[in-house]
Structures are given as C-alpha cells and as structure tokens.
Amino acid sequence: MNLFEKMTDQLHETLDSAIALALHHKNAEVTPMHMLFAMLNNSQGILIQALQKMPVDIEALKLSVQSELNKFAKVSQISKQNIQLNQALIQSLENAQGLMAKRGDSFIATDAYLLANMNLFESVLKPYLDTKELQKTLESLRKGRTIQDKNDDSNLESLEKFGIDLTQKALENKLDPVIGRDEEIIRMMQILIRKTKNNPILLGEPGVGKTAVVEGLAQRIVNKEVPKTLLNKRVVALDLSLLVAGAKYRGEFEERLKKVIEEVKKSANVILFIDEIHTIVGAGASEGGMDAANILKPALARGELHTIGATTLKEYRKYFEKDMALQRRFQPILLNEPSINEALQILRGLKETLETHHNITINDSALIASAKLSSRYITDRFLPDKAIDLIDEGAAQLKMQMESEPAKLSSVKRSIQRLEMEKQALEMENKESNHKRMQEILKELSDLKEEKIQLEAQFENEKEVFKEISRLKMEMEGLKKEAERFKRNGDYQQAAEIEYSKIPEKEKKEKELQHKWETMQQNGALLQNALTENNIAEIVSQWTHIPVQKMLQSEKNRVLNIESELQKRVVGQEKALKAIAKAIKRNKAGLSDSNKPIGSFLFLGPTGVGKTESAKALAQFLFDSDKNLIRIDMSEYMEKHAISRLIGAAPGYVGYEEGGQLTEAVRRKPYSVVLLDEVEKAHPDVFNLLLQVLDEGHLTDSKGVRVDFKNTILILTSNVASGALLEEDLSEADKQKAIKESLRQFFKPEFLNRLDEIISFNALDSHAIINIVGILFENVQKKALERGINITLDEKAKELIAEAGFDRFYGARPLKRALYEMVEDKLAELILEDKIKENDSVAFVVENNEIVPKIK
C-alpha cells in the first residue's frame, strides 16, 4: 500500500483542494502551505474545529496564509497533468505516516498530518495562536481513538459537527425565556430519570412550543433547577439534515450516525434532542440498507441513549404508530395549544427580549391584541407561535419606521422640491402675468424651509434621546447577564455589586430619559417607538386581508347604523333588513356562538326583490368590498356527483389537487359573505354537507384539511314559497303558514333548525320601485360623471320608468331594461354624435308622455 492509499478520505480531499489551489495560483508545485490553506477553507475540517475552541481570528490567519501563497513563483502554463508535489510536501506526508504508526492508526489522518508537521507551519501560525495549545486541542478532539477506517477522521467530534449544544446556548443567554409548560418539563425530567425506555417524545401541533420545552430543560440544567441525576447533563440538538448532507457513498450516513451514538454512549452526560424525529424513519435507507430508526432502536431500548424527540401528531400517527418497536421505545408527552390567557403570559415573558432586540417599547395592549386577534382571525396556525410572530413582525415594522425619515419631514421636502421646479419654470418663461404666482411660491418656499429646519432639529433631538435610551437598555441587559454568570459561578459579591449598584444607577438615568421621551411624545413627536394594538391589527390585516377597523373597538359603533346603511341599497324590505341587522349586532356584541359562522340566513322570496342585492350590500358594509362575496350558483350542483366539487374531488379522481370550489374560496378569503344562490335547485345531499358548517363552523375538504367558516356570513337564497309571497289576498298568518309548508317539502328539519334566521322578502310595491329607479340612476350618473357629464332625472321621469319597468312577478330586474331603453340609449347616442361635451349638463324630463334629454 503506497503513501496515498494510506490517507483517509478527508486528507485525500485536502490534498485535492491543495492541488486545485496551486493551479488557481499558477504555482508549479504543491507545497505544505497549500495544504494548510486547504484545511483552513474546510469549515467542517478538524483544523477549523480546533481553532473554534481557541481565541483565534480565523479570517486574519487565512489572509496571512493567502499572502504567503502569493509570494510563490508563478508559471504561465500549468495543468493537473504536469503539476508536482514538492519534496517538502512528500516529506510532510512521510512524517505523518510515522506518527500514524506510533499511534496505532491504520490510515494517515488530517490531525496526524498537522501534529507531525507543526514545525513547518509555526512561522505563519505563531503570530495568531499558541502552537502548543493547538497541539493540545487537536489531541483532545481525538479522545484517544484510533483511525481504523478511511472515513474515521471525518467522524471525530461527530457530536460537535452534527449537533447544537443547547445547554451552552443557555449558558451564553442565547435562548429565549420559556414561560409556563412546567408540567410538561417535569414529566420530561421524570422520563429521563427512568432506567430503561427513558426517551420522551413531545407531540403537538406546529407552533405550540415543543422545541421551547426542550430549551426550557436546558435552561433549568444551567440554573441547577433539576434533580441531581440531570445536573451535569448536556442537551444537544442533532441536525439530521447536516448528518445526511454530503454523504456520497452508500453506508456513509449510517457510519456518521453510529459515530454520534457511540460518542453519546461514551460521554454518558449527553441528552440527544432530535427535532422532527419522524424524519429518521426511512432516512438513509436504500435497497438492502438500514434506516436511521433501526440503528437507534437497540441503544434506545437498553437505555444507553438518552433521546428527546419532537414531532406533530399527524407525523407520529403516520410513522411511529406503524412501527410498534420504535413507538414503545418512546414515552409520549402531549402538548396542547395554550389558551389565550396562557399565550398572553408567554408573550409577557418574551416582551423584554423582543423589546431589546427591536429597540422599541411594546405596550401591554399590543400583547393582548396579538393573543386575541391571532386566535380569532388566524385559524390555520397555533398559539403561541402565531401571536409571537405578530408581535415580532409588528415590532420589525415599527423599527423600520424608526430608522427611516419621518413622513412629515419627507412630505415637506417633496413640497420644497415641487415648488423649486415650478419656480424655475416661471423664471424661464419670464412673463409679467407670472409675477403674482412667483411671489406666492417664494413665500411658500420660505415657510417650508423654515419648517424643514425645525423638523430636522426635532428629528435629530428625538434620535439622540432614543439612542441614549437604547444604549442604556443594552448595557442593563449585559449587566443582568453578567450578574447571572457570577451567581452561577458562586461569586455573589460581584453579582450583588452589579444588581444593587450598577443596574440601579443605569435605571435612574433611563427613567429620566424616558420621562423626557414621554414629554416629546405628548408634544407631537416625529418618532413613535411604542407598539400598540393598532399596529398589531395592521399586521393581521396584511396577513388575512381583513380591513383593520373591523378588528378594533370603533367597528362596534359603526354596526349600530347597519340597518340604515343597508337600506341605501336595498329598498322595500325593512323587515328582512331588520332581522339581518339584529343577527350581526348579536355577533358584534359577543353574544353569538363563537364556534359558528357570524350568521346563517335563508332568504326567501320571488325573483328580483333584493335577496342577492342584500348579500352584496352586507359584504360591502362589513368588508368594504363586493369582492368579499363568495357567490356559488347552486343550479350547477343539481347532480349528485357534482356535490364533490364543493369540497374537492376524492383521491384518484381528476381535480383532486385543485381543491373544492367552496372550501378553497373560504380558505383564501376567510372573512367574507358566502352566498349560495338558488339553493333549492341543488341536489338534496348538498344540505347534508352544510349541516357541519352551520353547527360547528368548519368543513373538512377532500384532502382532510379543516376550513374555518367562523368569520363568514352564510346566506342561502331560494324561490321556495314565492307564490304565497306574491298573493295579495292572503293574510300575513296564511302567508307564513304557506311558507312553512313549502319549506317542509323542500328542506329537512335538521337543516332548517340550524339556521339563525329564515327571512321572507315581500313583493315590491310602487313606492319601493320609484326609490329603486333612483338608486339605479345614481349608478348611471356616476359613469357619466367619469366622462365629465352631469345628468339629472326628474320625479315624473322616475315614475314613468317605474311604470314601464314594474312587474309584480319579475320584481325590480325589468327596471334595468327600462332604464337602458329610456335613458342610457339616448345618452349614448348624444355622446357618440358629439352633441354633448365635457362639463355639459343633461336633464332627462317628460314631454308628451316620453322621456327626452335637455342639454344645458
């Protein structure tokens, strides 16, 4: 076996990199210095691992070696075929071979190469580090092991390489505080102390705080708040993706995992944390191979390996419950989603950390709004994660505003720029008529420039005060961490000096500056550093597209006027609108069931009386846009097989990936009015589907995803019993009796029983028709105004249109046709013939029982 065959894979890779470096630098020979630079460039290599444990500026060392390489002679033509290893490099490899034999290794490892040739690198390393200290560190990384395989030196310090030490992070105060979850942490410690099967697995939905519970354990270990058995333990999070990454050959992943397990067994004080533990099932498996789960099983069963797993309930069912041998080795701990109050406690605990990070103040009202609004409007995620995200994003938005120029100052600067341009244009024209305007511009510019100077001075002053407050906060945070460190090391004198002398001194200064800042805020400051509930509502609005004001208290006052607002669009249906308004008011007052839709209504009545228009008006009023109306024509679902289109096709059928027409629409617009038009035309099985929505406020689509209907208003329209409603001779009691009879024939009792209101729309009378003509004409008026033409319609003309377009059986729809014929067609002709121009007025009046336009 020659020298090169005795090299480990990692040393071979280092040599290949050294050759590539020599080619890049156009050097004729590969030297030990090229080898050193190649090792410094390998972030996963043993040299970098050793240097990271020492107080060394690695980047400065790299630059020093780079400058040494630049001194080497360059040749014009060099290729991989004619490049040579110089004598010094071959000698260095032989030196490493000698050390290999002394150590009892079977292959030349990278650390052996470094240790055998430290004298070659001393001149370049000495200014940056103690070479004896480096030798000691390299020896400690070996931990007395011998290299018996080509791949063995890749797995030295496997745990360091593929894991993140959470206890070390807790020691350095790099973990967020963990609030609550005491019960779960105690149960986890209980399981870890067991003799066998001492492996807890945390189960819970994404975002409920599984990883935080493990971080809480790491913090308790550091603070010595754990039983004696766990006192000196290290919690190391295993990075599975890093373990799999770069495993080129079959069995390499398994080899790495085995080394990690061996290291954990030998150290005896490591608790391995595997997040997303379901990924170990099948990881690394190939034909005839063994997956990671099977490698872990024996060690887990014997209690040699302390492991904490974390996964979701869905993944646990999918992977663990199928593999009973793996399942019985873990003890499940279920983490439920915290309540709003528990989430609020967590947010209050994280408040200081977030304030320090973003350099702002977070009001308690913002924390309350975050917990409540996220629970109410962001239904596809879980507390506390979604509430923390809201606070974090709101704080980031505020920080951006703080670091940008204030809007008021920017506006003044833009105004100055605009006036300067106008001034230059007037100077170029040099007309006498421009003199007055020029004087006005000069006066405005003078005032604006003065205002700009004042605003800039105010901005600078506020910035200085804020910077000083931020600096003091950072210093106090640093002092608190220092005091914690002294306490842990038992130096209580130093800790007391910090807590009772240095921190109070800083707090006093900070209070004075805070008082100054508050005075600035009261006097109309340019900078706002406090996160409020309005900021949180704004972020929720960006996420969900729900208008901001809908989430705030001011909306309740607006809802009081809902009836009059709806009557502006829907005429002659006072009774129906009153019933709708009452249901909406109940919801806004918080008296309706929060697990059901905001309201569910069945609108009955003949065609053209305002059923669909009421739904549109409601969408406009509640959500500021008709676009928040999800309209589904139920006549498309007459056949039984078509019903599946509402929730999505079953697996294996065409359209499965597309989702359901109803469920997808509500998922995209969770805050909307859902209108199921002409519902009696649909197949009867549709109503079975709607029972779940009306009762529980959610519907499960074909993919098993739960779609929330709690923020929707469900309106079903129907022409059932329209005959009874059109009968003039029938009394109100007889009409109601006929309606009930018709409903019983068409709908099942369990469906009718779940509706909030069954609302009857009456046939329209002549007075209502005239009002509708007015509303329809307003739309024509708006279109004409866009062209700069003002049009009017007198009362007699309205009556004539109402008379021509009214039909008791067809409702208000024929009115549109009458308006087209009697007004719009005539107006269109005048525009196309250029008889009317912009800023003209046209009055439509009655002459000889006909509507004629009069141009003014």
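Positions of Cβ are set from backbone N, Cα and C atoms, glycine also.
Taken verbatim from Swiss-Prot:
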type	residues	note
DOMAIN	4-144	domain 'Clp R'
REGION	7-72	region 'Repeat 1'
REGION	85-144	region 'Repeat 2'
REGION	157-337	region 'NBD1'
BINDING	G204, E205, P206, G207, V208, G209, K210, T211	ATP 1 binding site
REGION	338-545	region 'Linker'
COILED	388-522	coiled coil
REGION	555-763	region 'NBD2'
BINDING	G605, P606, T607, G608, V609, G610, K611, T612	ATP 2 binding site
REGION	764-856	region 'C-terminal'
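Shown on the structure are the features that Swiss-Prot records.
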| residue | record | DSSP class |
| --- | --- | --- |
| E205 | ATP 1 binding site | coil |
| K210 | ATP 1 binding site | helix |
| G605 | ATP 2 binding site | coil |
| K611 | ATP 2 binding site | helix |
Quiz item: Are the region 'Repeat 1' (7-72) and the region 'NBD1' (157-337) close, by which I mean at least 3 Cβ pairs under 8 Å that are 6+ residues apart in sequence?
Solution: yes
Quiz item: What number of additional C-beta atoms lies within 10 angstroms of the C-beta atom of E205 (ATP 1 binding site)?
Solution: 16
Quiz item: Given the ATP 1 site residues G204, E205, P206, G207, V208, G209, K210, T211, which other residues of that chain have a Cβ within 8 Å of the mean position of their Cβ atoms, reported in sequence order?
Solution: A212, T312, L335, F382, D385
Quiz item: With every protein chain in view, how many other Cβ atoms are within 10 Å of the Cβ of V609 (ATP 2 binding site)?
Solution: 29
Quiz item: Just going by other Cβ atoms within 10 Å, which of the binding-site residues K210, K611 has the emptiest spot?
Solution: K210
Quiz item: To the nearest whole angstrom, what is the C-alpha distance linking V609 (ATP 2 binding site) and G207 (ATP 1 binding site)?
Solution: 49
Self-check item: Chain-internal residues near P206 (ATP 1 binding site), provided their CB is under 8 angstroms and they sit 6+ positions away
Solution: T312, R381, F382, D385
Exercise. Take the C-alpha atoms of V208 (ATP 1 binding site) and T612 (ATP 2 binding site) and report the distance between them in angstrom, rounded.
Key: 42
Self-check item: Cα separation, G608 (ATP 2 binding site) to G204 (ATP 1 binding site) (Å, whole number)
Solution: 52
Quiz item: Restricting the comparison to the binding-site residues P606, T607, G610, K611, which residue's C-alpha is spatially nearest the C-alpha of T211 (ATP 1 binding site)?
Solution: K611
Exercise. State the mean pLDDT for the coiled coil (388-522).
Key: 76
Exercise. Give me the Cα-Cα distance between G608 (ATP 2 binding site) and E205 (ATP 1 binding site), rounded to a whole Å.
Key: 48
Quiz item: What is the separation, in Å, between the Cα atoms of K611 (ATP 2 binding site) and K210 (ATP 1 binding site)?
Solution: 49
Quiz item: Which one is it: of the binding-site residues G605, P606, T607, G610, T612, whose Cα lies the shortest distance from the Cα of G207 (ATP 1 binding site)?
Solution: T612
Quiz prompt | binding-site residues listed as G207, P606, G608, least Cβ neighbours within 10 Å | solution = G207
